[in-house]
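Notes follow once the structure below has been shown.
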Amino acid sequence: MVDKNVTSPSPRHGRWYILGRVLKVVVPLSISAGLVVWLFHKVDIDKVKSIIEQGVDYRYIAAMMVITILSHIIRGVRWGIQLRAAGIPRIPAVAESVSIFGAYALNLMFPYLGEAWRCVYIARRENCKLSTVVGTDLGDRASDAVMILMLIILTLIVARGYIDKFLDRYPMGKALDRFTTDGTLWIFIILAVIVVAVVGYVFRNTSFVIGVKKSVMRMWNGFSVLFHMKGTGLYIVFTFGIWICYFLETYLCFFAFPFTRQLITGEGYALGLIPGLVVFVFGSCSMAVPSNGGLGPWNIAVIFALSLFGIGNNDAAAYSIVFWSFQAMVLIASGIFGAFYIMLSRRDARRLSEKQ
């Protein structure tokens, strides 16, 4: 007999839920595919192939791959500090690293799924509340957002001259420069904040606004715990370590190509640190665009950044393709390692429970 007091899930809600899930896969895939096709129409593929076949020093690419793995290990260990602060027992550093390996590998195929997976993995492994783990993940991402903001400010300070020269070449660049320097931008930002505040207040009791408030509070709570948890100093050290590794990945690849090696020896480039910072920051910002592991948006951002220093599209495309492809190999390989580790860990845990 069916209990009439039990509310069945709404078919309409179910359809929207499924549509949302489908769009989360289709939209990033479409963006990646569309931008890659557009990119291939902007470069000479034969010349790009020739550059890759003849002009790459793969010793530095191999070093970049090692640094990539190191950055993920540091990120995993750093996350462990947050997990312990949230009351989750210490877990092996290998398991912490595997959570990052798996997350990045999944993000190559399904953007943002990796973040959800690593939270579920830790919650199930340690038999703790998923909401607790998600809170630490939000704090993890918030600290990265702070680092990106700091890097953007640093880039605008040390490389403003190169950016201004490039913007002066194009009418759109000149218009953008005027927009950001004559006060119009700040007026627009202030008005936008006022409009959002008024709309949020008027519709404060709607489910959407309440949901946004809860999301913001969860993110803030996850971030604020960083200031009073045990191991804050080590967390900060690891945070800088992660982003130094990320920068070194970009910088090491400069040594792998003749045209980017010129940026290291060129006058006024600070041994290539300034171009490296610009390319790194542009690439990092592009990761905000939903895509499969940055494929498409990241490549275009890197090509644009290299063009600020006189690198042609074909050369820049070769750099971005080699960099992205070999880094993707690292993510896939580490993801496979993570899958085997999880499988073996579960087998050992099952055998142990059977003995008991």
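A Cβ is built for glycine as well, from the same backbone N, Cα and C atoms used for every other residue.
These come from TrEMBL:
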type	residues	note
TRANSMEM	21-40	transmembrane segment
TRANSMEM	60-81	transmembrane segment
TRANSMEM	93-113	transmembrane segment
TRANSMEM	145-163	transmembrane segment
TRANSMEM	184-203	transmembrane segment
TRANSMEM	234-257	transmembrane segment
TRANSMEM	269-289	transmembrane segment
TRANSMEM	295-314	transmembrane segment
TRANSMEM	321-344	transmembrane segment
(request) Could you tell me whether the transmembrane segment (60-81) and the transmembrane segment (145-163) are in contact, taking contact to mean 3+ Cβ pairs under 8 Å with a sequence separation of 6 or more? (result) no
(message) Is it true that the transmembrane segment (321-344) and the transmembrane segment (93-113) have 3 or more CB pairs under 8 Å, sequence gap of 6 or more?
(response) yes
(message) At a C-beta cut-off of under 8 Å, are there same-chain residues at least 6 beyond the transmembrane segment (234-257) that contact it? List them, or none.
(response) 51, 55-61, 63-64, 67-68, 70-71, 74-75, 77-78, 81-82, 143-144, 147, 151, 226, 263-264, 272-273, 275-277, 279-280, 283-284, 315, 318-319, 322-323, 327
(message) Checking distant contacts: for the transmembrane segment (93-113), what same-chain residues at least six beyond its ends satisfy Cβ-Cβ under 8 A?
(response) 24-25, 28, 72-73, 75-77, 79-80, 83, 121-122, 125, 290-293, 328, 331-332, 334-339, 341-342, 345
